[in-house]
């Protein structure tokens, strides 16, 4: 292990750990002696203007032998105080133009240290992708998000209190599904608010646990949003469907579906602390998924499916309203269609569009969309509370068409949705 202090004033030490396999290869080419030469080059810049070389330093390492295709990699550790974006360990062969490549090197972030594990020896550096806008706005975004989560938790807690202690006996299945989504959202907000405090303890086990809870509650929220849309589809579109143990099945689906996902990610060791640098020179930590590929595949991929499905439900209900107008349905049916459309539209706007703004934010609109998301998230709990309050007071009104439950079976009934049943002969069995 070779330790060097590259810049005492800046406090950016680095170290390299040579593996036994590399030493053995060096001995074969140097008459039984293992030699290590380390050449630091200062004031190095990247030709790519979108990237910078960490600490402006490049390190050449040689052992006077062909060191490549190692199974026991060589580890380099770069400690920094000025992390300004995403980091990537790169190497250069030393021939031709200065073209950096990530081939043969893996990047891992450990607190404020970047670990590069490479299977060969050559010239090495860490390239950083600057994100000045995100860092300048990080403090304000964090403050707004924290306030928003607190407001949402307050109103969601009121709704849960009203449901479980005041009107539980009169709630229908749609309300019960909504309450499960409220519980998932409360868990999501609580785990987010406590995430940074847990990350600052630098307890790896606690960090993995809070990251797992945060990810689980987020996936559970998406799942219950999907179940709410599925429930509306079965209730408003399909007819005469009997499902055994309906509530029990969807409850198991809502809470059990995310479990194998988070367990798999945890077993892969992808829940780790992340370092965020704020504009006030304070280090902000968060426990979350370190791999962007897992984030895109699991979080954004899953939410995209839920978003597309819910959008399809909304379009289907809207199509039924157009059909009802063309067929000159009765005023009562038209009012029912409009109320049912408002149900889907309300949840779609309150939950679906809010998260879509956060996940589908790229390019110049990335920072403005972050602010839009944090503001919408601040009022999400309040408007969901108003939505619950409305359907709670309308149990005997337009929500009386909720699926009928008898024993362990649930029958999806829809006496007022069929726009073609306007003739008296077709209504004799209703």
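Every residue gets a Cβ built from N, Cα and C, even glycine.
Caution: TrEMBL annotation is automatic and unverified by curators.
Here TrEMBL gives transmembrane segment for one range in the set 141-165, 391-415: that range is 141-165. Among the stretches 177-194, 250-269, 300-322, the one making the largest number of Cβ pairs under 8 Å with the transmembrane segment (141-165) is 177-194. Away from its own ends, the transmembrane segment (177-194) comes close to residues 145-146, 149-150, 152-153, 156-157, 159-160, 163-164, 171, 210, 213-214, 217-218, 220-221, 223-225, 227-228, 231, 250-251, 254-255, 351, 380-381, 384, 387-388, 391 of its chain (Cβ-Cβ under 8 Å, at least six residues beyond either end). Of the Cβ pairs linking the transmembrane segment (300-322) with the transmembrane segment (206-230) and spaced 6 or more residues apart, 3 or more are under 8 Å, so the two regions touch.
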